Amino acid sequence: MSASPSSFARTAPRRPSPARHPAVRRVRAALSAGVSLPVAAALVLAGAPTASSVGAHGKAGAHGEAGAHGKAEAVARYVALGDSYTSGPGIPEQTDENCGRSDHNYPTLVTAALAPGTFADASCGGATTAEMTAPQGTAPPQFDALNESTDLVTVGIGGNDIGFGGIVARCVLLGALVPNGAPCKASYSLGGSDELAARIEATATKIDEVLRGIQDRSPGARVLVVGYPALLPEDGSNCPRTVSLASGDAPWLRDTEKRLNSMLAERAEASGAEYVDTYTGSVGHDLCKPVGTRWAEPLQAVDAAGFHPNAAGHQAMSQAVLAAVRR
């Protein structure tokens, strides 16, 4: 587990040289093995298994199903769609190692509270909007979990469409090498244009397609678009060096996440779906906070993937979803 901000205030540990920084070693090790930068990001951030270790865990089967728990009047069938911020990689207990799906992710907690007639968690780490209608490895298309009886759908998607894992991997590597300024922001602003703003804009049409696809398959469903929680400090304070982000890149990356959430909220409203804000309630619980306060984990995580919500984060996300359902 990485050191807390308070421990950095008490002591001044010797910083590793850039070449020896753990984040640099992890990224370089993946790259030297012939792995692309986005895939290296997945390995670093989510502790993804190698191809051989995935095989050892067996194939990813059909979507996780839960039988009747005492059918709730308002919800007959609940389906959860999404990426790793929905599936909960690294959080015990993992029910699907290939998709990084936890039995303590927010869809499972929502199900425990609502007790729907049936529940299907189709979320899978690394999913993009394309995996709604296409297989992801051995996992079937997420839309396969939908049917006409589905009356509640949560969907958390879009981060991988803008390449968020690769963005973080690049920022971590550059932050270890150049701790001051905003080298990562500069690398995405060559030629004076904001590459990430363009990616977010391009993803908006994909979100529209996802929401139309849900409506086509489950026309009577209430659809909740779940946004991404706060990962970085809202007050602009610097993160501990173990997070390895340059001083100017941390607030820039935070604002990029905000732009992504704003786009998701706009597309939800335009489609007649509802947006669930998980960001506002998680401010002050970012990955730079000490253990016990943070709801998201830095790179050196134990019981969650790095740069992802931990169990407390999923608990908070479930409460935001439940509040929306009960409105």
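Glycine is treated like the rest: Cβ placed from N, Cα and C.
These features come from TrEMBL:
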- 1-23: region 'Disordered' (REGION)
- 1-11: compositional bias 'Low complexity' (COMPBIAS)
- 80-316: domain 'SGNH hydrolase-type esterase' (DOMAIN)
- Ser84: active site, nucleophile (ACT_SITE)
- Cys99-Cys124: disulfide bond (DISULFID)
- Cys171-Cys184: disulfide bond (DISULFID)
- Cys239-Cys288: disulfide bond (DISULFID)
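Burial estimate for the disulfide-bonded residues (Cys171, Cys239, Cys288): highest at Cys171, by number of other CB atoms within 10 Å. On the 0 to 100 pLDDT scale, the model's mean across the domain 'SGNH hydrolase-type esterase' (80-316) is 96. In this structure the C-alpha atoms belonging to Cys288 (disulfide bond) and Cys171 (disulfide bond) are separated by 15 Å. When the C-alpha distances from Cys184 (disulfide bond) to the recorded positions Ser84, Cys99, Cys124, Cys239 are tabulated, the minimum falls on Cys239. Under the DSSP three-state reduction, Cys288 (disulfide bond) is assigned to coil, being neither helix nor strand. For the disulfide-bonded residues Cys99, Cys124, Cys184, counting C-beta atoms within 10 A of each C-beta gives the highest total at Cys99.
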